[in-house]
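Swiss-Prot annotations:
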| type | residues | note |
| --- | --- | --- |
| DOMAIN | 4-122 | domain 'MTTase N-terminal' |
| BINDING | 13, 51, 85 | [4Fe-4S] cluster 1 binding site |
| DOMAIN | 132-363 | domain 'Radical SAM core' |
| BINDING | 146, 150, 153 | [4Fe-4S] cluster 2 binding site |
| DOMAIN | 366-433 | domain 'TRAM' |
């Protein structure tokens, strides 16, 4: 008997992706054939997992829903369901505006979708997922929500307060994923450093990472989305002592000006920030720091922006992203501040900041020529094998390109390489040997 096909479309962040992967596993158990983010959706049923973080993400989600609603009207789709952050925030409004959708779910009640299809949610599969990533790496979500009160951020409004997963559940999930061939774990949360405070009454991230690192088969652990205030400094020891904890930290700093940090309600100062960066580099030699910065938040003066540029020049981040402020309804900034900085000024500041970082990135990449590094091969693309070092997270960071013609390599395997060339972003390398 031919199985019914369901198309899952995931928009937004890697935390959303984990939810989609859990749903896919449940749907497969229920007897469906499931595809993810296909360019040619042909299923009888579609599920769109939406993002509602900023204006562009909301627009993308709405356009995707409308595209599938049109397919349904044309008879190419029998059922259409929507879940995720956008529908968590605007469920009633969306249901009125887009009646072609059979049902909208929030971010946390997607299990009801199975019941609405006449199927059962299998509790015993709670740690299992159908991976959409290459089989050698996976995202590991350790908590939901956020207790921070940053002025510009709608995430706490959408996802609610911080809720940690239990340590044992996380460790069970890691063991399961290792059994499926996963070697590399991107540990993610809206706010990593708060992990455990709700369950264990203290920050437990260092202990969690240490315990994950002890599981046989875990080759790389990479940490994403830390917060600078009240950073759990015992994590430095874990990163220094454990070879399979990557010397990499993704920590969103947003700004450096004390004026802006106060307006953003970041609970951290310029002095605190510089001290934390210095401590990272002293305590964890060789660490690569990724950060995210914001320009154009209400109240940002030219002096504040000059201070931010000087910070980028001094800090010399290994990886950096930046974005322009966009007003999000319901946030403190939207209620208390006037979004008075013109869009063209925001964009000009963003471009200028990224130009500075591009020069820094080019210098840091060029300095790696001649170095030997351990890489994992993600895929083959054109004339190159595409790999990453421990300092590179999938999708967002530089890659290592190795010519296909030189040697046949295995996707998902580790190799020792020598860097032979570099551009502003990526490295080029030759193979020395395979890690057994």
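Backbone N, Cα and C define each Cβ position, glycine as well.
When each of the binding-site residues 13, 51, 85, 146 is scored by how many other Cβ atoms sit within 10 Å of its Cβ, 13 comes out lowest. Sequence-distant contacts (6 or more apart, same chain, Cβ under 8 Å) of residue 153 ([4Fe-4S] cluster 2 binding site) comprise 146, 328, 331.
The local packing around residue 150 ([4Fe-4S] cluster 2 binding site), expressed as other Cβ atoms within 10 Å of its Cβ over all shown chains, amounts to 20.
Note: the domain 'TRAM' (366-433) comprises 1 helix, 35 strand, 32 coil (DSSP; helix = H, G, I, strand = E, B). Cα of residue 150 ([4Fe-4S] cluster 2 binding site) to Cα of residue 13 ([4Fe-4S] cluster 1 binding site): a span of 19 Å. Shown for the domain 'MTTase N-terminal' (4-122): DSSP residue counts in helix, strand and coil, namely 53 helix, 24 strand, 42 coil.
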